[in-house]
Amino acid sequence: MTAPTGRPPMSGADPAEPAEPGTGADPSVTVARSGPSEAAPETAATASTGTSAPAAAARPGRRAGLAAVTGHRLLWPGVVLALLLLANVLFTPGFLSIEMKDGHLYGSLVDIARFGAPLILVAVGMTLVIATGGIDLSVGSVVAISGALSCLWISGLDDQQDVGGVLVAVGLALGLSLVLGLWNGFLVAGFGIQPIIATLILMVAGRGLAQLITDGQIITINSSPYKLIGGGYWLTLPFGIIVVAAVLAITAFLTRRLALGLLIESVGGNATASRLAGIRSRGLIITVYAFCALCAGIAGLMISSNVSSADGNNAGLWIELDAILAVVIGGTSLVGGRFSLGGTVLGALIIQTLTTTIYSVGIPPETTLLFKALVVTVVCLLQSPAFREKVFHRRGRRPGASPASADPKVKVPA
Amino acid sequence: MSSDVVTSGPSGPKGRTADRPARAAVLRGRERYIPVMATGALLLAMFVVGGMRYEAFASGQIVLNVFIDNAFLLVVAIGMTFVILTGGIDLSVGSVVALSTMISASLVTGQGWPPLLVIPLVLLIGAALGFAMGCIIHYFDIQPFIVTLAGMFLARGLCYTIGTDSIPITDETYTAIAQTRIDLSAEMFISPSVLIALAVVAVATYVLHYTRLGRNVYAVGGNEQSAMLMGLPVARTKIAVYTISGFCSALGGVLLSFYMLSGYGLHAVGMELDAIAAVVIGGTLLTGGSGYVLGTVLGVLVLGLIQTIISFEGTLSSWWTKIFIGMLLFVFILLQRLITARRP
C-alpha cells in the first residue's frame, strides 16, 4: 500500500496490488490479475482496515511501514536463505567464520559465493530476458560452447601460460557467445518465434556444436592465466566473485540508474504498447538475448577454467533450469514486465547454499534434487497470489466464485 | 456448442470457410495440414535418400526398427501433445519415465512383486504425479514451466533415493515380453511395445477428435479465457492433460523397462526435449490449439530415422544427431511461423 495506483477502485473490492516498493513504475498493468484476489496476506491486514487503497495509503505510520517490509518481494527469498544458513550454523559450528590464509579469504560463505558465481551470472542474464517476457533455454549450451572454444584455442597455443593467447581465447569465446545470443534474439524479435522454442533450437543444437568443437573429447589444458578466471584469487577475493560483482554493478547501473530497465520492463509488460509508445522493442529484445548469452559465455569460461578442462557434454548441464529457478525464486514473474536483480542473486545463492548445505549436513547428495523440488515448490507457492489467497485469506470470498478464482489473465499480444 | 469452439478437428473443414470467415481463420483452406504434410514429405524424402545411399536401408524392417526403438518416446510424445495442445508444457516426462523404470525394477527385482501388480501401480503413480502438477498449475496459477520443472527434479530425486545404481530386471514376464517378436511376415517383426504404442496412438486420436475432452483441449489451447467464458470446464481439462501426460510418461517408462530390462536413475535424461522436438516437428503449435497426434507420430519417426541414418553413415559422430535435430526444429518452426503469419 505504498502509493495509490491512480486507478479507480474496482466495484467495492480492494484494488490493492501487492506492495512493490522499489519499482515505482509497474507497466505490467495489462497483465490484469483479478483485483480482489491479489491482496497479499501481509498486506491484507492493512487493506481490510481501509476501504480503499487511497485510504490505506493516507494512513502513514506503523502499519504502512510493516506492509512495506512484509510485502517486499525479497522477503520470502530472504527468509528462505536465512533459514538455510541457520540450518547450516546449527549443523556445522563455525559455518559463518571467514578467515585469511595465505592472503586469501577462506570460509563456507566464500565458497558458496565462489561456486555460485557462474549460476549468478547466468541468472542475471536470464533475469533481463525473462523481464521482456521471454526465456532463454540455450544458456547451458552456450556455457558449454564458450568453455569448449576457449579451451580448444588454449590447447592449441605453443605456450599455454601466454596471457595474450589466453585473452584471445577469452575474446573468441565471448564473441561466439554474443553471436549465439544475437541469433536467439533475432529469432525471437525478428521472426517473432516464441522464445521458449527459439532458444530450444540452440539448446539442442548447441550441445552438439560444443561436442563438435571438442570432437567429443574432454579437452584438458594447463594454463595458469586461464585458471585465474574460475579458480584464482585477486585482491584476496576469488576472481569469480569480482567478475560477478562487476557484471552486477554494470547491469544494475544500466537498468536501474538509466532508463534501460524501465524500457525492458515495458517491453515485457506489453510489447505492442511499448512499440507504439516509441520504444524500439525489437532492438531491445535482441540486446537482452545477446547480453544473456554473453553472461552465459563468461560463466562457461569460469566453469571450464575452474576444472581446467572443457566437457562439451556435461558443462553447464541443466544450468538453464537452475538459472530460471533462481530468477523465479527471486520474485521475477515469468510473465515478464518486471524484474529484480537483487532477488535473482538471492535466488541463485539459495540454490547454491542448498547444494552446500546438503553436502555439509551429510544428507546423501543424490537427494539434492528432492530438496530443490521442495524449495522450488514452497517458494513458488508462497509467491503465487492465488495460493496465498486460497490458503491465508479465505475471508470475503463469495461461494461459487470459480470464474473469478480462475484468474483471467489478459493475454498480451507479443 | 463445443463444435463451434473447436479450431481444428478432423470432422471435415467443408463449408466452414464460406459462412464463418471470422471464426474460421484457423480453418481457412487446408493450411493447418501443411506442417503435418511437410513432416510426412520429409520422412519420405529421408527414407528415399537413405534407401539410395545405403544398402539394405530400403526395407520394411528399418521402419519397424524405428518403431521398436522409439516406442517409449512415441508414447511419451503423445502425452506431451495433449499438454502442448492446451498451450502448456511438461518438462517432467523424462524424469517420470526414469522413475517408472526405477520403481518397476526395485519392486520386481528387489521385493519380488508380481509384474501384474507393479505395472498398474507404476501407471497410477505417474498419473497421480501428473494430476498433482495439473492441480498446482491450475488452482495456484503458477506457470506450467516451473511446476513441471519442480516435478522433474522431484521425480529424478526420487529415482536417486531409490538407488543410484542400475537395477537389472530378471523377472520372467519382463524378459518374455522383451524377447517376444511378433512376426508380420517372413522378414519383418515388431515388439509388443510397438503394439502398445500404436494402441496409445489410436486411443489418443479418438480422445482428441471424437470426445468432449478432446474438443475442450483444443478450445483451451485456442484461447483459455474464451473457453472459460463459454463455460467449458477449463480446470478439468487442464488437470486432465497433465494427468494424461503423467500416465503416458509412466507407460513410456514401463515400455522402456521392457526395452532396457533395467531401472536406472539416468534413464531418459533429456527425453523431455526429444518429446517436445517430436511434437514441434510434427506440426503442433506450441501456443496451443492446433496440431495432430498423427503429426507427433511422424515427428517421432523423423527423429528415429535421423538416428538410423547416422548409424548407417558410420563416419558421423553421435553429436550430429543433436545438430540435425536442432536444424530441423529451426526449419519447422520457421515453417509454422510463415503459416501462422499468413493468417489475417
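Just so it is clear, glycine is given a Cβ too, placed from its N, Cα and C backbone atoms.
Per TrEMBL, these features apply:
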- B:1-21: region 'Disordered' (REGION)
- B:1-10: compositional bias 'Polar residues' (COMPBIAS)
- B:33-50: transmembrane segment (TRANSMEM)
- B:62-85: transmembrane segment (TRANSMEM)
- B:91-109: transmembrane segment (TRANSMEM)
- B:116-139: transmembrane segment (TRANSMEM)
- B:145-163: transmembrane segment (TRANSMEM)
- B:184-208: transmembrane segment (TRANSMEM)
- B:239-261: transmembrane segment (TRANSMEM)
- B:273-306: transmembrane segment (TRANSMEM)
- B:318-339: transmembrane segment (TRANSMEM)
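Counting residues 6+ beyond its ends, the transmembrane segment (B:62-85) has Cβ neighbours under 8 Å at 47, 50, 93-94, 97, 144, 184, 188-191, 193-194, 196-197, 200-201, 204, 208, 217-218, 221, 241-242, 244-249, 251-253, 255-256, 259, 268, 271-272, 274-276, 278-279, 282, 284, 286, 288-291, 293, 296-297, 299-301, 303-305, 307-308 in the same chain. Highlighted: of the candidate stretches B:33-50, B:116-139, B:184-208, B:239-261, B:318-339, B:33-50 has the greatest count of Cβ pairs under 8 Å to the transmembrane segment (B:273-306). Counting Cβ pairs under 8 Å to the transmembrane segment (B:318-339), the top-ranked stretch among B:33-50, B:116-139, B:184-208, B:239-261 is B:33-50.
Outside the transmembrane segment (B:184-208) by six or more residues, the chain places 59-61, 64, 67-68, 71-72, 74-75, 78, 81-82, 85, 177-178, 214, 217-218, 248, 251, 255, 258-259, 292-294, 297 with a CB less than 8 A from a CB of the stretch. The stretches the transmembrane segment (B:116-139) and the transmembrane segment (B:33-50) do not meet in space: the count of Cβ pairs below 8 angstroms, excluding pairs fewer than 6 apart in sequence, stays at fewer than three.
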